[in-house]
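Below is one structure; the comments refer to it alone.
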Amino acid sequence: MKLCVTVLSLLVLAAAFCSPALSAPMGSDPPTSCCFSYTARKLPRNFVVDYYETSSLCSQPAVVFQTKRGKQVCADPSETWVQEYVNDLELN
């Protein structure tokens with residue numbers, strides 16, 4: 001019985017010292033969102049209020065536009081209209 005209590009105590013202690021934050025190297029946080037497809041059509045400029053670029057860890061680059069209604073739309077960063085919207089949002 002003493003052996004079981006000792007082993008259980010050691011397991012609890014070991015679990016207490018293990019931290020999920022230590023399981024991955026610093027700076028290796030997974031991306032919060034990635035795009036796997038792009039919108040097929042140009043968004044009306046007056047619908048777009050903000051944007052962000054996806055992480056370089058994603059399989060393909062993308063610009064994510066936030067609309068007035070709170071939707072997020074993935075767009076191809078090589079498209080001319082996407083670059084124009086990004087520049088416009090940066091200036092404002």
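Yeah, the Cβs are placed from backbone N, Cα and C, and that goes for glycine too.
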Swiss-Prot annotation, disulfide partner among C4, C58 for C34: C58
Recorded disulfide counterpart of C74 (Swiss-Prot; options C18, C35): C35
Number of Cβ atoms other than its own within 10 Å, given for C58 (disulfide bond): 14
Number of Cβ atoms other than its own within 10 Å, given for C35 (disulfide bond): 20
